[in-house]
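Comments concern the structure below.
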Amino acid sequence: MTAEKTILIINGKADNSMDPEAANPSAVRSNDKKVVNERGQWNNKVEFVLSVAGEIIGLGNVWRFPYLCYKNGGGAFFVPYVIFFICCGIPVFFLETALGQFTSEGGITCWRKVCPLFEGIGYATQVIEAHLNVYYVVILAWAIFYLFNCFTTELPWASCGHYWNTENCVDFNNESIANLTNPYATSPVIEFWERRVLSISSGIEEVGSLRWELALCLAIAWVICYFCIWKGPKSTGKVVYVTATFPYFMLLILLLRGITLPGAANGIKFYLYPDISRLSDPQVWVDAGTQIFFSYAICLGCLTALGSYNSYNNNCYRDCIMLCCLNSGKSFVVEAVAESGPGLAFIAYPKAVTMMPWAPLWACLFFMMLIFLGLDSQFVCVESLVTAIVDMYPKTFRVGYRRELLILGMSVTSFFLGLIMLTEGGMYVFQLFDSYAASGMCLLFVAIFESICIGWIYGSDRFYLNIEDMIGYKPIFFIKWCWKYFTPGICAGIFLFFLIKYKPLKYNNVYTYPDWGYGIGWMMAMSSMVCIPLGILFQIWKTEGTFRERIKKLTTPSSDLRMRGRLSSKGPCAINDADAKMGADGKSSTIIEKETHF
């Protein structure tokens, strides 16, 4: 990141003429004079690419994509997956990244600048982020706990005989066939997870006591996360060189190890063999669509925040295509499994590790990979929320160490809120957060309005002109069609089908939550989605004029939103000024001699 600059704010106005280093220090303490830090940028493209790669290539690639592929017909699942990848994943991914880069604003103020009527989109994404910040880091706490238990000569989940094991514990590798006929038989891996790590109760009604060991691991996770982002891109850009590259290195090793094992070819064939009949099941298409939104971190504000730290002329189009292909490719190399979620990462994979030579070493490396995968996603989520708040109130939080204090306050608050998920009944709370607060339903809802806002209200042609101003050329026309037609149509269809086929959450497909539990889940889901319609109504209510005048004002971009790149040869040009210079034939006589939406 470039060296931080400061601007002296005097009576609410910027004064760039004064060198901040020569300024009177008392100016910082004065009520009407204060030094405000500028946002800064990534030091180079690599920091941006690694930060985005670390965010999008997370735990979902490890435990969700393989399960969905196995469940939905093997290779046949790639048909709907590729369709959604092309029509929804890449277009929305590019939209959010380009929007952040063009406006140089966080997840809320970027929408305020392009279309004040849809500012609620930004609030919706940040509410989802706030939920994620509370529960996602709990996975890191579990992984850290497992990592600590790897430093032994024998992995504690490799055999029975420990104080947490029951008489039904059976080591399936060493026991005789007679012992395996026990209908209540369970493996040491499952008992370690459920009885040692979670000490899980019988339901959400029984919260039980706090697991202090996990609470300590959660505190460690938050301390690491805080110092990864406390200086913004200046610290994040350096950390990702390790956190984003180590998982790739480990996955490559595990892939090479896996394909050299006996029977690997049969496993790969079983994984990819297509069951074409599954394509007639609408649920397969729903799973493919929601997986795209989960794994690409779209509709969360993260990509907008990360893109906002790019230089204005960065080729974000090329970056987005490369990152999307990389993300899907990494999901593909993870082998097929028969279950999804934490049960896969903390049961199936640890079980596989016990069957390898030097099991403690492999287990240590695996959980380090898991921690880095989760850590990247976690601190980018926090950074996204912090960026949104700081950009809304720059004169408040870009002064002194207030930004660092904001991150500290957010981390401490999220830590204490997350403790409920580290109780004996905490796993049931975690599943509520995972299935409702940040569900595919919420992401689909946000994506519909994002594509409508850019494709129709702000104008896809206008946004293409902005992109050309940044990167020097316009993307392929197909992405424009996606923003206007394919993406909102497909997302709306999946969203409606999601509601029609809704089935109440069951933990392990057995435990049914009480009605009040489902009520809490739906309240968390609605807390983000309701921001968009309420935001529209609030903006209309507070704006003066007739209804027509209000809508016109609220759909007009901010006056300080400027094109400042290749098409602005005479200096930065405000979007509204560019609109005024467009001729009746749809061509500009001063900005660019090409067709536009203006």
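Please read every residue number as a count from 1 along the shown chain.
From the backbone N, Cα and C atoms, a Cβ is placed for every residue, glycine too.
Note that TrEMBL annotation is computational and uncurated.
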Revision key, fill the gap. According to TrEMBL, the cysteine among CYS150, CYS160 that forms a disulfide bond with CYS169 is CYS160
Review point. According to TrEMBL, GLY54, ASN61, ASN327, LEU373, ASP376, SER377 bind Na(+); which one of SER295, SER308, SER311, SER384 is listed for that same site?
Key: SER295
Review point. When only pairs 6 or more apart in sequence are counted, do the transmembrane segment (481-500) and the transmembrane segment (134-152) reach 3 or more Cβ pairs under 8 Å?
Key: no
**Study point:** Nearest of the binding-site residues (ASN61, SER295, ASP376, SER377) to CYS160 (disulfide bond), judged by Cα-Cα distance
**Key:** ASN61
Review point. Should the transmembrane segment (134-152) and the transmembrane segment (360-393) be scored as in contact, given a threshold of at least 3 Cβ pairs under 8 Å and pairs 6 or more apart?
Key: yes
Exercise for review: For LEU373 (Na(+) binding site) and CYS169 (disulfide bond), determine the Cα separation and express it in whole Å.
Suggested key: 31
Check your understanding: Cβ-Cβ under 8 Å from GLY54 (Na(+) binding site), same chain, 6 or more residues apart: which ones?
Key -> VAL240, THR243, ALA244, PHE372, ASP376, SER377, VAL380
Check your understanding: Between CYS169 (disulfide bond) and SER295 (Na(+) binding site), what C-alpha distance do you get in Å?
Key -> 36
